[in-house]
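TrEMBL annotations:
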type     : residues : note
COMPBIAS : 327-337  : compositional bias 'Polar residues'
DOMAIN   : 2-240    : domain 'ABC transporter'
REGION   : 309-337  : region 'Disordered'
TRANSMEM : 263-285  : transmembrane segment
TRANSMEM : 643-672  : transmembrane segment
TRANSMEM : 693-717  : transmembrane segment
TRANSMEM : 737-757  : transmembrane segment
Ligand code: ADP
């Protein structure tokens with residue numbers, strides 16, 4: 001059955017050599033009860049461990065059922081221990097955190113015996129050793145004798161051919177020893193039992209054969225045997241622990257140390273908590289910044305006007321200027337005048353703007369400097385009206401208004417919107433009436449305190465004084481007529497044109513366009529005030545319609561071919577150019593300004609780049625210069641936030657590394673603590689891999705729970721953090737934990753923990769089984 005051939009096992013400690021086994025040769029029968037007697041330190045345990053494959057010999061050969069073990073690999077030894085050998089130790093070596101049944105089943109668990117069969121075999125083994133009634137107890141509720149019975153049940157559960165007992169009664173009283181010996185004696189009838197003892201009486205009473213040991217050598221053998229089994233009849237069934245078993249083993253172990261596990265998980269979650277909070281805050285702040293950016297950009301679009309300034313901030317020089325010696329004065333353009341640039345907003349340029357990527361801007365607004373011939377009826381009387389907020393003495397005629405370059409009055413909002421969402425409904429809410437449905441409906445814009453300019457109201461024919469309150473109903477539904485140039489202006493005998501004086505007949509002309517105030521709108525938030533001035537606002541489509549109506553009118557034709565102002569008969573001077581007169585009369589389809597509303601600062605930069613590209617290679621006068629008001633507000637915020645986030649994440653990362661080191665320490669301590677368990681598992685046939693798995697499983701449990709805990713604590717922390725921020729800065733819900741971030745953090749926590757714990761786990765696996773079992 002078993003044959004030891006010249007087995008040697010030396011231990012080297014420092015300079016001294018211990019010959020624990022010194023050329024031992026002996027054979028064992030298939031069925032006998034062998035007692036190995038000898039003084040302490042004579043090498044008995046070393047031989048037993050060598051036979052059991054817990055400790056591999058240095059030289060010689062161990063032949064099992066005719067098979068030499070010289071070529072055995074670690075996996076073969078593992079399988080041999082699991083399939084063929086059962087161990088019984090002096091100190092029972094029951095795994096304390098597992099139930100009795102789990103302990104007995106462990107060997108079969110390692111070899112992957114199906115649950116049903118495993119349980120049946122375990123119960124029958126427990127019944128055989130007389131523990132039937134105690135199956136449901138915990139190991140720490142058993143007496144020493146009962147513990148040893150559990151160990152015996154575990155050893156025989158898989159029905160091994162060899163039972164190895166190392167002083168099985170060494171820790172028991174005489175009476176219990178007798179009972180245990182009787183049990184072992186009975187088991188020896190079916191298999192080979194080798195028992196190490198230093199009690200000669202027990203050996204004499206129970207053993208079939210006694211081998212005396214001293215100084216690593218056999219001194220005497222009461223019943224020698226010569227092996228003649230030449231044929232190799234050895235078969236092995238490799239063991240394999242599933243990760244699930246490892247997980248269960250670790251879980252029950254952690255459960256016995258609840259407080260410590262909870263503390264460890266909490267401590268290692270701190271890294272996760274800090275990163276989660278930093279991420280929650282920074283994405284919250286980023287959202288706030290994006291919102292502010294969008295609002296800023298809504299107020300300060302990129303503007304292309306007919307004139308722009310090329311002046312840069314540091315234009316004025318402080319250099320002392322010398323006066324000429326001669327008695328002369330020098331005519332000079334001022335710095336501001338020099339920097340005036342006239343933009344040629346050509347068809348080409350308009351098409352270039354149209355071709356811009358729609359995703360870059362929320363919308364593009366076009367303003368036309370065209371006047372409107374507006375009439376309205378107040379108390380049955382027809383009066384001329386204005387959409388401007390200028391006081392009536394300066395706004396008495398369209399011309400003087402234009403000469404003062406206040407434009408044509410009223411705010412223009414873009415009728416098209418790239419995002420398909422109305423510009424108005426984005427920034428405004430309806431106080432009364434409705435949003436305009438088409439270009440023939442205009443709206444009154446009011447401030448957040450419901451105020452609007454008094455002159456603006458007077459100019460549309462509502463009689464008010466400063467501070468007076470007007471019912472919504474007096475404004476909503478009010479109608480205006482737009483009269484075409486040909487009806488509005490009449491040619492005087494001298495060749496100039498002047499407005500018709502019979503307002504009511506003009507008012508009733510069927511060719512008029514009718515406008516209506518559709519509603520009163522108020523800004524949604526204070527930050528978007530000033531997007532449109534208070535007063536009447538209308539669609540840019542309306543101005544285009546008016547241009548269509550008037551561009552071929554008589555007065556436009558006359559103005560185009562005249563060098564004098566056809567309304568006043570005065571010569572055209574520098575302040576009012578001919579083209580602006582034509583534009584005012586509706587004779588030009590070129591917008592006076594273009595406003596581009598990007599949605600983020602990043603996109604604004606792209607818009608500017610796109611606009612700059614148009615100017616490339618063009619002569620100075622053909623360049624189109626834009627004004628970027630928002631650019632002067634802030635280009636800092638975005639990048640600054642990103643930088644701060646990086647710094648904070650780096651700090652939080654340090655705490656994460658600290659947690660990882662801590663996990664490694666905890667796992668290492670756990671390895672030290674569970675050395676004995678590692679030995680037991682190895683004796684039962686666990687592979688190195690299985691041991692690594694047990695500890696990896698433990699770190700997975702720790703990693704997942706600390707990740708989960710961290711995310712939950714961070715999430716809970718966002719509530720007080722938001723409350724504090726709200727009270728300090730008026731910003732609400734800044735800290736928001738992104739679920740995707742939370743999930744990633746749990747994964748990171750698990751991966752880092754497993755990495756941190758894997759090295760100690762590998763160390764555990766490398767532990768020598770025999771040494772592990774000797775440890776206390
Ligand atoms: P016994 O079981 O007869 O008491 P052992 O087999 O335990 O004896 O030990 C035999 C000798 O080998 C002893 O001198 C012991 O100190 C030594 N020994 C056992 N294991 C080791 C080890 N891992 N390292 C060094 N010496 C060892």
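Every residue gets a Cβ built from N, Cα and C, even glycine.
Keep in mind that TrEMBL annotations are predicted by a computer and have not been checked by a curator.
Model, not experiment: these values are computed from the prediction.
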Among 643-672, 693-717, 737-757, stretch most in contact with the transmembrane segment (263-285) (C-beta, under 8 angstroms) = 643-672
Message = For the compositional bias 'Polar residues' (327-337), how many residues does DSSP put in helix, in strand and in coil?
response = 3 helix, 0 strand, 8 coil
Request  = Tell me, roughly as an integer, the mean pLDDT over the domain 'ABC transporter' (2-240).
outcome  = 91
